[in-house]
Amino acid sequence: MLDDFLNQFLPSTVGGLVFGSIYALIALGYTMVYGVLRLINFAHSEIFMIGTFTSLVVLTAIAPASPLTGIALVGVMVLIIVLSAAVSGGAAMLLEVVAYRPLRKKGATRLTALISAIGASLFLQELFALVVIPWLTGKPGRNQQPAPRIVDRDTVFTIGNAAIRTDHIIVIVAAVIMMIALDRLVNKTKIGRGIRATAQDPESAVLMGVSIDNIVRTTFLLGGAMAGVAGALYLMEFENTDYRIGFVLGIKAFTAAVLGGIGNLRGALLGGIVLGLIENWGAIFLGSEWKDVIAFTVLVVVLMFRPTGILGESLQKARA
Amino acid sequence: MKGNGVSGNSNPSRRVGALFDGARDWWATAKAWQRYALYLAALVFALILPAPWIGSFMSPGADWTSVLIFPIGTYILLAIGLNVVVGQAGLLDLGFVAFFAIGGYSVAYFGTQYGWNYWATAVFGIILAAVSGVILGAPTLRLRGDYLAIVTLGFGEIVRIVANNTDEIGGARGITNIPHPPEMFGMKFLLDPAPYYYLMVAAIAVVIVFSVRLQKSRVGRAWAAIREDEDAAELMGVPTFKFKLLAFAIGAMIGGLAGGIYAGKAVFIEPNTFPFILSATILAAVVLGGSGNLPGVMLGAFIIAWLPERFREAGWLKDLLGRDPAEYRILLFGGVLVLMMALRPEGLLPSRRRRAELQEGTGGMGAMGAEVAGPDSEASSEVSK
């Protein structure tokens, strides 16, 4: 058992980092929306799913005969990332208008909003399964949808017995760049200041001339765009998707957000990576079918000792 | 929320509520014989409900009595159980299906492996569900609102995955040949669904009485206090943790009971009988009907269980859509949830106190954060704390 663990430690660390980066990107959307609206945007997982399908459509349209290299690869990656981010961000904004804004105007409770979110999540899943996927791909909507390979799985270098491949590097680097960009945006720009102010105290923010509607819309746009990036990276790495892809990944990403301290952008990064690593390490001992159980157990244990997550809530407490 | 007057409103969607308020006033002052007459009427209604002439309208596509047991009866039982947790104590539980699964698996496992009597397995399932409710609640009930929601969601998934990965309880193949309940009052529990239906009615009746008594007791008032303002309740000397744990355990017991009855009827269960969507559906039923109000909750569960069955085989719908309407069930369900929450967030038949809480924007869950208070709204009080 211990031998197994030592043998597989480095490879599963790499796998954990890749999964963790994707969790972290999705977690950003949860954590921002939660910071501002105090709401679990349950349908965020479907925004991610929309991102994977946007990339799928683009990749199928390009249909490379063989995996790409050099400029072509960079170009295609940028293309699917930008398009997925745009479509997912737009979908998230639309979601806010349809499912949350009417409730917000009525001063409804968070329970009501959560039910609305669950409804929106189911609606989007089924819409894709019944209408959108058959229309996009011409295949039955409930099947797995394979994507063409665009990155060669070449080993770039090895650490011990862990092979670091091109695709690993792309996922991790792209995720980190996006997270740094978002962190800068929230901490350094005027929009970011508005978001932080709203998270901290909506009433005072309004008195200071912040438009709540704009801030909420921007928050959904940014979070959705991050989920779109995650969708593009996921599709490139795992090369398939389906209409229910968001469910488990979404819950894990929310778990990551809570682990890191919800409302805290850097916490989402930390939570995602920690969750990805622990899951993969635990799977060596217990088998990969127990991954989800490990993730939720970790969540419960962390919350028992640190109810506000590892880094604590901070979108509110950050200097406005 | 402003303008949704409590009564005397000309808005048609409120008229149902006003009618219901009238019925409630009448009930509050009704004489004993009037109440018993109504109980009797309800019982007679429950007994004649499986009649074929009702079924031919209510469920043209499937056996009506079976539909009355699952999904309708089961959903109603589960909704009453979840109502204790969500509606009365204000705790958001997204993993309620776990307790349903524990009750079901208890009946299946101990009945097939050890040959226990059905009733013993059912009671054991209820106890096991209560224990697991306490085990889940003890570490997590210190968390508030959404954290609790996500942890319970995780718990529901854990139970399903464990069932899926444990060969001892059948793994992904599930458990077959679950023993039926033994013969009782001359009713044989075999293929005929009628005896199960009466069993279900009896269980629902018992649980209703139990739930109403609880709500009117000191415990129920403590739950209401916790739901409205947990901090204030704690300061006033309510041992909130204890009462929250109790709500969890009682809700879990009712969920376990539903699982036991389901397994006794179904003969076969597998992990996929207990997906997250069922938790969400039951929660939606509770909120749709009017969280905290028993008749409302039962109505919500009935509607959510029945509508898909009603339209399962509707030929005109099939012609209209060009494909099997059953495929659109979940799509419609999702859309209706969004619409319903936008139009009538307090549910079809909300309890008066709950509606007042919701209009204040508290009601245990707090308002959505970026709600900005109008001059006479308290919606954002939660945020400014």
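Keep in mind that glycine also has a Cβ here, set from the backbone N, Cα and C atoms.
Residues annotated as transmembrane segment in TrEMBL: A:20-40 (among others).
Residues or ranges marked as transmembrane segment by TrEMBL: A:47-65 (among others).
Taken from TrEMBL, the feature transmembrane segment covers A:71-99 (among others).
Using a Cβ-Cβ cut-off under 8 Å and counting only residues 6 or more beyond its ends in the same chain, the transmembrane segment (A:111-136) has close neighbours at 37, 39-43, 45-46, 49-50, 53, 56-57, 95, 98-100, 103-104, 142, 145, 243-244, 246-247. Annotation comment: TrEMBL describes A:111-136 (among others) as transmembrane segment.
Counting residues 6+ beyond its ends, the transmembrane segment (A:168-186) has Cβ neighbours under 8 Å at 14, 17-18, 21-22, 24-25, 28, 32, 77, 81, 151, 156, 192, 195-196, 222, 226, 229-230, 233, 236-237, 265-266, 268-269, 315 in the same chain. Sequence annotations record features per position, and here TrEMBL assigns transmembrane segment to A:168-186 (among others).
What TrEMBL lists as transmembrane segment is A:218-237 (among others).
If you look at the transmembrane segment (A:243-262), the same-chain residues 6 or more away from its ends with a CB under 8 A from one of its CBs are 20, 22-24, 26-31, 34-35, 40, 42, 44-49, 52, 121, 125-126, 128-129, 133, 141-142, 234, 268-272, 274-275, 279, 292, 295-296, 298-299, 302-303, 308-314. Per TrEMBL, transmembrane segment is recorded for A:243-262 (among others).
Look at TrEMBL and you will find A:269-287 (among others) tagged as transmembrane segment. Sequence-distant contacts of the transmembrane segment (A:269-287) (same chain, at least 6 residues past either end, Cβ-Cβ under 8 Å): 1, 4-5, 8-9, 12-13, 15-27, 179, 252-253, 255-261, 293-295, 298, 309-311.
The transmembrane segment feature in TrEMBL is assigned to A:293-312 (among others). Counting only same-chain residues 6+ beyond the ends of the transmembrane segment (A:293-312), those with a CB under 8 A from a CB of the stretch are 252, 255, 258-262, 264, 266-267, 270-271, 274-275, 278-279, 282-283, 286.
Away from its own ends, the transmembrane segment (A:218-237) comes close to residues 18, 21-22, 25-26, 28-30, 32-33, 35-37, 41, 44, 47-56, 59, 77, 80-81, 83-93, 95-96, 147, 150-151, 167-168, 170-171, 174-175, 178, 182, 185, 191, 194-195, 245, 249 of its chain (Cβ-Cβ under 8 Å, at least six residues beyond either end).
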